[in-house]
Structures are given as C-alpha cells and as structure tokens.
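Written out below as structure tokens is the structure these notes cover.
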Amino acid sequence: MELIRTAVSMTNIFFSLRSLKLECEKLASEKTEMQRHYVMYYEMSYGLNIEMHKQAEIVKRLNAICAQVIPFLSQEVSPPWLSMLVKTQVGGGGGRMRTVERSRRVSALNNFTAHVVQEPGSPRGSPAHSPRENGLDKNRLLKKDAPLSPSSIASSSSTPSSKSKETNLNEKSTTPVSKSSSPISRTDAPTPSSTSTPGLRTTSGKAAGIETLAPGLRTPLAVPCSYPGPFGMVPHPGMNGDLSAAGAAAYSFHVSADGQMQPVPFPPDALIGPGIPRHARQINTLSHGEVVCAVTISNPTRHVYTGGKGCVKVWDISHPGNKTPVSQLDCLNRDNYIRSCRLLPDGRTLIVGGEASTLSIWDLATPTPRIKAELTSSAPACYALAISPDSKVCFSCCSDGNIAVWDLHNQTLVRQFQGHTDGASCIDISNDGTKLWTGGLDNTVRSWDLREGRQLQQHDFTSQIFSLGYCPTGEWLAVGMENSNVEVLHVTKPDKYQLHLHESCVLSLRFAHCGKWFVSTGKDNLLNAWRTPYGASIFQSKESSSVLSCDISIDDKYIVTGSGDKKATVYEVIY
C-alpha cells in the first residue's frame, strides 16, 4: 500500500510538473510575441517620428521660400491675398515686415537703374568690367540629398538639366553699394546659440527678348575647345535681387546677427583686379580607374596625387600628353576608399588616410615611394587630414568624432580633441598654426586653440557639414553643407554670407592661397569659383559626374578635381 501511495504521489507530481512546463512554455511564447509587437511598434513609432521631422523641415523651408520670393513680386502680378500671406510667412514681426518693404524698394530701384542705364539694343554689360550678377533662374528645383558614400555618390550623380545652358552673358549695370562684412546652411547659426533664416535656392535663366553679346564680348569660356560638355560661366540675366527683368533671384545673401537676409550688392571691382581669375580651362584628364575621393597638388606644380579605392596614384602633369601614372601607392585594402591625402610642405612626404584605422606616411624622396611609418588610432576611419605649417604635427578627423593630434617626428598620438558627437568630416588650420577648424556630421563647426588645447567656438547648423576652408588671410571661414548651401562666416563677428548656386550637397571646398577667391564642388557635378567673402560667382564648370574633391596649387594657377566618373581633371586658372 505504501508503494501504491508513493506511485500515485509521484504521478501527481509528474502531471503537476508537466502542467507547469506547459504553462512556462505558453508564457515564453507570449513573451516572445509581446517582444515582437514591441519591436514592431517601436519601429513604427521611430519611422513616424522621422517622417514628422521631415514634414516639419519641409514646412520650414517652404515658409522660408515664400518669405524670400513673395516680397519681390511686383504689384501688377500680386493677387489681393498676397499681403496676408506675406504677413503670415514673416510672422508679423515689425523688423521682418520692414525688411520685406525694404526689399521691395531695393528691387524697384534696381529695375529703375536697369532701364535708365541701358540703351535700347545695346549689350547689357561686359564680363571684363562688371561682376557676375547676383541672379538665378527661379525654375531650379529646391532639393536635398542625403549624405552618401563615395560609391553611391558616384553612381547617383546629378543628371544634367534637359534645358541647354546659355553661354552668353547678359548682365545689367550695377550701382556700387557698400557691402557688409561677414559663412553655410539653410538655417545656420552665426553664434553657438543662435539660428539663422533658411535660404532660397534657385538658378539662372534667360529673359525673353534679351539680346546676346557680340562675339567680341563673350566670355572666353564660351570659346569651343577640345573638351566636351558645357564649361564656363552660367549667364545670369538680372542684378542681385532684381527679379522683374527675367524672373531671377539672388544667389548671394548677407545674413545679419538677427537672422535677416538681404541680397548682396556686389561692388564694381568684384571680378576684376590682381589675383582675381577671369576663367579656367581644362588642360588634362587623369583616368584613375576608381572614384577619386581625394586629390592634392605638389609644390612646385608637377605631380598630382589621386586617391581612390585602396591606393593613391601619382601623375606627372608637366607633360600634358602623359595619360598614365608614374607610380602607385598601395595604402589600404582593395575595397576601402582613400578619403584624404596631404603633402608636407617640403613635398618629400605624403600622409594618407581613409576607411581604416591606420594612417600611412610615405617617403617620396626615394626612387620608389615607400611606407616609412604608420599611425594607428582607435577610430575605424579617417575622413580628413591637416598638417601644421611647421610640418611637425598632423591632425586627423576620425569617424568617432575625435580629432587626433599626431607627432610626426616621434610618430605618436599626443592628444585628442573631443567634442563632435558624430564623425568629424573636414578640417583646416590657420596659417600661423595657432587655430584649428573642424566640421562634423553632428551639424557643428568648432574652432580649437592649439596652444592651449581647448575648444574656442562652436557654430550650430541644421545640416551636416561636409567641407570647410579657412581663408589664408584670416577673418573668413567657408563651409560646405549637406543641404547644398555654402556659408562664409566671419570668425569674430556674428554676421555671414550664404551662397546658393549648388543644387546638391557641397562635397569639397578650398581657398586660393591669395585668399581672394575659393572653389567648391558638389554632388551636382559643379565646380564653382567664388569671390571672398561675399560670393560673387567668378566661373563655373559642369563635369560629367559628382565632384568629390578639389585642390589648388600653391601659386593659384591650377585646380584639380576628383570625380565620381573615376577620373581627376586639371584646370589652368586664367587671369
């Protein structure tokens, strides 16, 4: 009997345990299902949140566009409800309303000046004596492209417009107006805590009935050459801010400390004088074979270094007919891109960084270039490099946001500047070697005191920073943005200039060594040359693919660009 009771008890315990096991399995299944639903709801919430922010950004941009366009519409074409819309867009603020009214008066004055100065049937102006007008075609679409890798930028480069671009300048006489002093995004901040007014991006077009220039007055860039495709200055039919003559809008704006934007009236000497180029012409094409993400020119100008997948190729451009590289430096794994290469001032050493944790230092003085040292950091990639004027220190922008400071003599890491919360994408150093400027994917530009090793300033933007350059003569910092704007900041004052000729993200930027002009390149296939600081357009080149990198020779006589169609292009600057 005792055995029977024990067996029954064991059977009950077995069934109880089995029941508990089934219950546990059921609970585990329910837990898994709840986790799956939680993940699904979280993803939905995250997606909706992103979409909400996108729509809010679109609304802000459309408001900014309306606030910029509506004030310039003439009374004849203004419907009765226009004044109410203007008040809505500018928020009813007294200062902004006064700015709108002042803009109307400036536009009317420009119209009057254009009609009084120009004689019927006479050319609108000579490019040799008047600055390129601050006017664009309002048919260009406003668009924003997400940041992409070099390969995706190359494969999805902007398609050229179906409308052919004019090559004749039709300019109006400009009235000399004093310009305000003072940099890049649609809503950038001139100071760390302030925000700026979103900008307007439009392009150039030709008004009906405007006559073309006589052959003797055409820009030299319109002369046919052996290189295919449009190359030269894009014609602009109106003055800065003059919309009535040809439906054009300004492309250069001055942004004051309180965020008010005004079209910039270019001075009469904007495009003339010593050190100001007239145009540029292609003299060589270097077929690298891969997307060219980095370029640099030697001093004196003889060699060009192009960085693509895994390697840097060295080209001798002293003989224009030379179509093959003189050497190849295998720096990274075959599938990793070179993102930056910098020559030391003596031209005997090249430092290369890219999609790897190691920087390679190459000795170029030997008959065959060789690696003489490697610098290893904790970051998985280096996006940009800068060298101190005394060649003793190298600064690398790391993908983790840090700025690594390397002692080139001892080949050691001596310091890291920490501040960027996302990848540090671009860098430049002052001529005296005391100040460093960095831009990041965290939408900030920061300046660093190299003597004290601390951050000095921070400028907050609403767009990622892809490129920047510090003017060699001081005072100005130009910034290239993911949202297609170029901003020129004054380093000590809160006001700035905002430039709107690019149609897509600005991928590289470089100042001429004289400091009087700078160039920017973008995913829109454009190379733009600008006057420092107010951004009068000097010349423009349209390449066949995204232009990812650029450099200017020490004598400011040559420009080299690297593009998504696997080549580099060498330009001669004509003065």
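Any Cβ shown, glycine's included, is placed from N, Cα and C.
Summarising the annotation, TrEMBL assigns compositional bias 'Basic and acidic residues' to 130-146.
The compositional bias 'Low complexity' annotation in TrEMBL covers 147-162 (among others).
The compositional bias 'Low complexity' annotation in TrEMBL covers 172-198 (among others).
Residue counts for the domain 'Groucho/TLE N-terminal Q-rich' (18-78) under DSSP, helix first, then strand, then coil, are 58 helix, 0 strand, 3 coil. Residues or ranges marked as domain 'Groucho/TLE N-terminal Q-rich' by TrEMBL: 18-78.
Residues or ranges marked as region 'Disordered' by TrEMBL: 113-206.
If you look at the repeat 'WD' (375-416), the same-chain residues 6 or more away from its ends with a CB under 8 A from one of its CBs are 339-346, 349, 351, 353-359, 361, 422-429, 431-433, 436, 438, 440, 442, 448, 450, 453. The annotation repeat 'WD' is assigned in TrEMBL to 375-416 (among others).
Marked as repeat 'WD' by TrEMBL: 417-458 (among others). Taking Cβ pairs closer than 8 Å, the repeat 'WD' (417-458) reaches residues 147, 192, 381, 383-390, 395, 397-403, 405, 464-470, 472, 474, 477, 479-480, 489, 491, 509 in its own chain, all 6 or more past its ends.
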Let me know the model's mean pLDDT on the repeat 'WD' (417-458). 94
